[in-house]
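Quick look at what Swiss-Prot annotates:
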BINDING   77-88, 287-298  NAD(+) binding site
BINDING   ARG95, ARG105, ARG134, ASP223  substrate binding site
BINDING   ASP223, ASP248, ASP252  Mg(2+) binding site
SITE      TYR141  site 'Important for catalysis'
SITE      LYS190  site 'Important for catalysis'
Amino acid sequence: MSKNIVVLPGDHAGQEIAQEAIKVLEAISEVSPEAKFNFQHHLIGGAAIDATGSPLPDDALAAAKKADAVLLGAVGGPKWGTGSVRPEQGLLKIRKELQLYANLRPCNFASESLLDLSPLKPQHAKGTDFVVVRELVGGIYFGERKEDEGDGVAWDSEKYTKPEVQRLTRMAAFLALQHNPPLPIWSLDKANVLASSRLWRKTVEETIKNEFPQLKLNHQLIDSAAMILVKSPTQLNGIVLTSNLFGDIISDEASVIPGSLGLLPSASLASLPDTNEAFGLYEPCHGSAPDLPKGKVNPIAMILSAAMMLKLSLNLSKEGEAVEKAVKQVLDSGVRTGDLGGSNSTSEVGDAIAKAVKEILA
């Protein structure tokens, strides 16, 4: 049975990296009988605005709702500015419509050969290995707001409910329990100032205590966590659990630790991946890179996002692990794009990973 994957390439570099992820998935299907894919391409972001006037056309959303998983490249660019219709609105809408409440962003080194590229000293960066679990459909990004209407006043509101925090805490706990021994959980908030953070801390505490007493829970204020991240990131190893706004900021800060935004994948899930078949949307942590010439963008974050899709949504864990192994082999061999000090093109890196994954699975 073929897996139905909706591909939303998006804008600029998103279109290039989506092609490379598909290249790797098609290579897998050549050697793995269980891995058969049916790809459907749709518009999102600026490309969709140009073609339809909407950042997320109805047909794209309808197709995504019927798919086994969604692969998304990247959206945005200066062409679409900050007008009333913006590419990023398509992202927010698809997350909300598909109820993708949990965003998972791993932060680790795909290969230790990349340690010298980190802005941190190698002795501080080495061993960094955590997953940011960010709430994705609530909080200040979706709260009530008022624009400045000439009166010089604008505001946004942060609101969380107990069930919203509980389900994300359960996601973090599930991920922690996939390891032996279980990973610690770091819950980040601003409970010394914000009412929403006090509810967050209380709910996380109760949920772990009542449902997962075997897990170690640590609370950390977000500003303190941001300092730890640049001073000694391994202190946060485990599962980092936090709200939409704080997660957006801390995961972007974390994404530079491995040396390039072009390395880190992400998954946005609508349910626990307890059967490895959770519905999810998979995209790189980086943006559309409109300033990069064609053929220069690093496709690894997109390819590793596809690996997460194989493991969490398509029940193809062996194939997902093979992709991760192939990425390490290719990086260690010195085949790299310019952001990693190499001279290879986007497609050359994709070709090398596709070849390596076939050899691993053959």
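Yeah, the Cβs are placed from backbone N, Cα and C, and that goes for glycine too.
Counting only the Cα atoms, the space from GLY83 (NAD(+) binding site) to TYR141 (site 'Important for catalysis') is about 17 angstrom. Residues near ARG105 (substrate binding site) in space but far in sequence (CB under 8 A, at least 6 apart, same chain), listed by position: VAL131, VAL132, ARG134, GLY247, SER251, ALA254, SER255, LEU264, PRO265, SER266, CYS285. The record assigns ARG95, ARG105, ARG134, ASP223 to the substrate binding site, and the maximum Cα to Cα distance across that set is 27 Å. Geometry remark: LYS296 (NAD(+) binding site) versus TYR141 (site 'Important for catalysis'), CA distance 32 Å. GLY287 (NAD(+) binding site) and ASP252 (Mg(2+) binding site) are 11 Å apart (CA-CA, integer value). When other Cβ atoms within 10 Å of the Cβ of ARG134 (substrate binding site) are tallied across all protein chains shown, the result is 27. Neighbour density for GLY77 (NAD(+) binding site): within 10 A of its CB lie 21 other CB atoms from the protein chains shown.
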